[in-house]
């Protein structure tokens, strides 16, 4: 399935605790039987997310690379993506048949975006626990990502969030760009995200 342009590179961003690593895990497990998959994780001072994915058996350890960005995680996915590009080059060399590489950013805010040199497709993850107003606050993560994932929908009643309001605001802020609701802990919404990647990413 490898494209002539190399593997599809999917950037996964979002605030701390929104569910980025959970999404990466679920996507790896959902796609690894059909596609050759690898992951690059970004953490500020540790490789905790990479270790977590290996521990959860999302992929074998040779397919997961953790990079330590230091300081500001935005720089490693936007202004100077060289550390991530080096990790991707290493994966491509080690596993030449790769179809998909997920690049999980460090915890960031609504202003974070991926450099087009780094990611072909971007997914931005937010959580209903952050508040009903998050979609209408905008920011590049909300408005410019190829897919917005609104996670932890099961917790909406407990944090007094109206999912209909979030749905309406997300649609308004994103124009024609799609968004999905998910409960990643239970795997809800994962199939929709995989279908999006297959259609939008040309897999």
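Glycine too: its Cβ is placed from the backbone N, Cα and C atoms.
Residues or ranges marked as GTP binding site in Swiss-Prot: 14, 15, 16, 17, 18, 19, 20, 21. Reduced to three states, the DSSP call for residue 17 (GTP binding site) is coil.
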Cβ-centroid neighbours of GTP site 14, 15, 16, 17, 18, 19, 20, 21, 8 Å, sequence order: 107, 125, 127, 151
Binding-site residues: 15, 17 - member with fewest neighbouring CB atoms within 10 Å: 17
Neighbour count (Cβ, 10 Å) for residue 18 (GTP binding site): 27
Fewest-neighbour residue among binding-site residues, criterion Cβ within 10 Å, set 14, 19: 19
